[in-house]
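> First the structure, which I've put down as structure tokens, then a few questions once you've had a look.
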Amino acid sequence: MKVKKISPRGYCYGVVDAMKLANEAVANPDLPRPIHILGMIVHNRHVTQAFEDLGVKTVDGEDRMQALETIDRGTVVFTAHGISPLVRKRAIEKGLTIVDASCPDVLVTHDLIREKTAEGYDVIYIGKHGHPEPEGAIGVAPDHVHLIQYEHEIDQLPSRLFERKILVTNQTTMSQWDVSALIETIQARYPHVEVHNEICNATQVRQEAVAEQAGDCELLIVVGDPKSNNSNRLAQVSKEIAGTNAYRIGDLSELDLNWLEGVETVAVTSGASTPTPITKKVIDFLSQYDPDDLSTHDKTPFLELRSILPKVKALRK
């Protein structure tokens, strides 16, 4: 089978930095134990399991504050998705050692919200309900940040926004086409709105790569966790922009061979939080796949989870 490897794909710098910081915490004997990660360090269950295997506990809850309240001692790692000021304050009050792995691009949005709300703005924030990145952003100024994901929610915004200064910004991993459409609708309702599109560069170039490169293939496989918003958006872009059917899989074991019937050329990409070795297993399998040769249908290649984490240099005493 012909395989088209969409480029760029896979890890972004924010994910790599977050994983390195968490791995360095594990390797640092001076940090108080136990080590907890407040939510998934990045949205990939294989990465989470790799850290669990090293004795690092991933703690989750309905929100970050609820999860934090279950931690009484040790070290807490804040994930790449960013954290609200109140959660940070509470971690300090509990006497926890903090390792902050927040993505710099996310922190830029936090700074923007902090600056604009201090100047008297309300903020319309385009993001996904229930995702930790909007939770952290809203927490910067909870009385002045309004989360929307869908167009109908624009009509439900407070009436005071017609008379106030308004900023619209967004979660960094949204579909750039969805964000643009929502911004256009917001501008029609609030002509005085100030726009700051914060789709991060890594998200943008990966979406554009799919839009431009997947169109001449019969199928796109996106390798990414179901909780990874940027991975799910890549499949959406393939269907809606490139016109190519797409499926998202967490790893090779989730690939349904029925999808490959009648397909001669398949494209492969991966989300920003997907480990490269996991994507490589999918590409290698598809490259040797022959529908008429059962010996090429084995989808259970061994992968050492420890190998998906970035290496850290030994710490000197």
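Cβ from N, Cα, C; glycine included.
The structure displayed is predicted, hence computed values, not measured ones.
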> Swiss-Prot has H43, H81, H131, S228, N230 binding dimethylallyl diphosphate. Which one of S7, S159, S270, S273 is in the same site?
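Among the candidates, Swiss-Prot records only S273 at this dimethylallyl diphosphate site.
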> What is the separation, in Å, between the Cα atoms of S228 ((2E)-4-hydroxy-3-methylbut-2-enyl diphosphate binding site) and C103 ([4Fe-4S] cluster binding site)?
15
> Between H81 ((2E)-4-hydroxy-3-methylbut-2-enyl diphosphate binding site) and C12 ([4Fe-4S] cluster binding site), what is the CA-CA distance rounded to a whole number of Å?
13
> What other residues of the same chain, not counting H43, H81, H131, S228, N230, S273, have a CB atom within 8 A of the CB centroid of the dimethylallyl diphosphate site?
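After dropping the recorded site residues, what remains is M40, V42, A80, E133, T173, D225, K227, N229, S231, G271, A272.
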> Can you check what DSSP calls E133 (active site, proton donor), collapsed to helix, strand or coil?
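DSSP assigns E133 (active site, proton donor) to helix.
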> Around the [4Fe-4S] cluster site formed by C12, C103, C200, which additional residues qualify by having Cβ within 8 Å of the site's Cβ center?
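Output for this site, in sequence order: Y13, G14, V15, A80, P104, D105, V106, T172, T173, N201, A202, T203, A272.
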> Just checking a number: largest C-alpha distance across H43, H81, H131, T172, S228, N230, S273 for the (2E)-4-hydroxy-3-methylbut-2-enyl diphosphate site, rounded to a whole Å.
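Answer in Å: the longest Cα-Cα distance is 15.
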> Ten-angstrom check, please: count other Cβ atoms within 10 Å of the Cβ of N230 ((2E)-4-hydroxy-3-methylbut-2-enyl diphosphate binding site), all chains counted.
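If we count other Cβ atoms within 10 Å of N230 ((2E)-4-hydroxy-3-methylbut-2-enyl diphosphate binding site), we arrive at 26.
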